[in-house]
Each structure stands twice: as structure tokens, then as C-alpha cells.
Amino acid sequence: MHPYIMATLLFALGLGTTITFASSHWLLAWMGLEINTLAILPLMAQHHHPRAVEATTKYFLIQATAAAMLLFASTTNAWLTGQWDIQQMAHPLPVTLITLALALKLGLAPLHAWLPEVLQGLDLTTGLILSTWQKLAPFALLLQMQPPCPTLLMAIGIISTLIGGWGGLSQTQLRKILAYSSIAHLGWMILVLLFSPSLTLLALSTYIVMTFSMFLVFKLNTSTNINTLATSWAKAPVLTSLTPLILLSLGGLPPLTGFMPKWLILQELTKQDLAPAATLAALAALLSLYFYLRLSYAMTLTMSPNVTTGTTPWRLPTLQSAFPLAISTTMTLTLLPLTPAMVALLTL
């Protein structure tokens, strides 16, 4: 793709999300989401591979359905209440419809089936954009709405954490595993959305940092399935030793960064007398932890084939920049241990 076209598409991608961030009117928010969707479609189909074209078509149909539902619900809300303001949603019908439309855009269970299939058809760079940047605009709308239907949000959150953990157990494709990981993490964010929006933002930001690190690791190793992870020690031995820590951070083990939002969310749910929901979410996290451990095992404890193909990659220096990976890996591993020190410095 020509650099000018790529720059234009990336600018449109940022513009669409920014418009949605800044809007307080449903039509403007819908327009931002549409610009965002139209900008990423050429990026998804740029390699002209049949799988990429299929994934792009699926993504377009799903996003168009969600946008149509959102536009219909916001029009219904204007008809019932006489105003288009995002923060003044009162009638339960449009609120429920818009919540479901945004859940479809995000890939939350039970509206999640498209996400693993779409992510599997994309290259790792576009998959990274889809898993991180594309989550921001719908979450901004959910945070502005503050939908007064806790039962629906709790149900979506619990189902997402369970399906995100269960769905990844039998997968061998890394992009599908990251898709189910995304569903599980988004479930945690939705669970605490009504009670503490700031915690949702914290969980979203830490999820983006950890997922960014994981995608860059797979991109550096050019790995797309579990079998190719076994030869990664020959390409980047230091990174191979750090990757299990990134995976355990995604799983939410202390003293790594991923533990912080999960612990705070469980604490908040318990404070709200939702101990059963907190227990279910904690048990669902064990399912996710299992497939993260599978990846760690494949990467560090599996004997790679001792053949020329397996032992020569270290001779070929990579042309990719490792600086973004170094920054995101440091944040993924050390934000939690450094938090008390940062708080102490800020209070001086």
C-alpha cells in the first residue's frame, strides 16, 4: 500500500475515534463510528488474500449491523424522549438496544462469534489495531451512557469471561487465542462499568498495553500458531524468556501488571455485595490462565526440532524495530510493582 494512502487511512481511523470521543449527540457519535469502520476496511484487505477478504467482509457486515441498530435505537430514543443527548438516556428500550449494538461492535459474548474468525484472517499488525484501538470508541459511548440496566451488563460480563476462557482452551492458532483473551478481558471491564468507570478505564489501558506486547512478540517471531513458538528461542532467546511473564501478566498473576485491575475489580464487586459474580469471574480467569500457560510451555519447555530450519533463524538479523516492544514489555511486567513508588512520589 502506498505510504500516502496508508497515512490517510490511519488519520481517518484516528479522526473517527476522536469524533466519537468528543460527541455528545448520537448522530455525531454514529458518524465517528462509521468513519472508523470505513478507514480500517482497506487496511484489513490490503494483502488480497482470500482469508483477509473474507475477514473484511464479515467485519463490514457485523459493524454495519451494529451501526444500523445503534442508529435505530438512538432515533427511537429521540422519538420517545425528544432529545439526542448521549448522557440523557432514560427509556429502557433504546438503552438496551444501544448496549447490545455496542456489545456487538466490541465482540462481547454472546455476540462474540465474529471476532475470532475475523482476527484469524488478518495479519498481526491489523489484528493489533482491531484488538486495541477499535475498542476505544464503543467503550467511550458505554461510559458516557451509564446504562441503567445492571442485569444486562452483569450477564454480558459473566458470559464474556466464561466464553473467553472456555473458547481459548482448544485453540492452536495464536490470533484466535488472543481473540478469546480479548473477550475475557472485556468481560471484566463490563462487570465493573456501572460501579466504577475509572476501574474500567484502568483495566482497558492495562489490557491494551499487555495485548500490544503480545502481538509485537508474535510479529517479531512471525508466529501464527503454537507449533512455531517452539523455534522462537533461536530468533530471540531473551525475548523468549520474557514472553511467559507477559502471558502470566495477561493471566493476572501477581506481581505483574495484569494482577492490578483484576484485584481491584474483584474488590469493587465484593463491596457492591456481588460476591457470586466476583467468584464466577475469578474462576473464569483460571480458564484463561490455562491457555496462557500452554503458550508459555510451548515457548520455553518444548524441545524444538534440531534441524537446519529450526537452528538457523538466529543468523538472520530482524529488520523490525524492537523499541515499542521494549517499552510495552517493561510496562506489562513492572507497572504493578512500581505503582506504590509512583504514588509515593506524587504525594511528596
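Cβ atoms are placed via backbone N, Cα and C, with glycine included.
Marked as domain 'NADH:quinone oxidoreductase/Mrp antiporter transmembrane' by TrEMBL: 23-286.
For the domain 'NADH dehydrogenase subunit 2 C-terminal' (289-342), the model gives a mean pLDDT of 76. The domain 'NADH dehydrogenase subunit 2 C-terminal' annotation in TrEMBL covers 289-342.
Under the heading transmembrane segment, TrEMBL lists 60-80 (among others). Sequence-distant contacts of the transmembrane segment (60-80) (same chain, six or more residues past either end, CB-CB distance under 8 Å): 26-27, 30, 33-34, 37, 41, 89, 91, 93-95, 97-98, 100-102, 104-105, 114, 118.
Here TrEMBL flags 92-115 (among others) as transmembrane segment.
Per TrEMBL, the feature transmembrane segment maps to 151-170 (among others).
The transmembrane segment feature in TrEMBL is assigned to 177-195 (among others).
Residues or ranges marked as transmembrane segment by TrEMBL: 201-221 (among others).
Residues or ranges marked as transmembrane segment by TrEMBL: 233-254 (among others).
What TrEMBL lists as transmembrane segment is 274-293 (among others).
Per TrEMBL, the feature transmembrane segment maps to 322-346 (among others). Long-range neighbours of the transmembrane segment (322-346) within the same chain, counting only residues 6 or more positions beyond its ends whose Cβ lies under 8 Å from a Cβ of the stretch, are 206, 209-210, 212-213, 216-217, 220, 239, 242, 245-246, 249, 254-260.
Proximity of distant same-chain residues to the transmembrane segment (92-115), defined by a Cβ-Cβ separation under 8 Å and at least 6 residues beyond the stretch ends, is recorded for 33, 58-59, 62-63, 65-67, 69-70, 72-74, 76-77, 80, 135, 138-139, 141-142, 145, 147-149, 152-153, 156, 159-160, 162-164, 179, 182-183, 186-187, 190.
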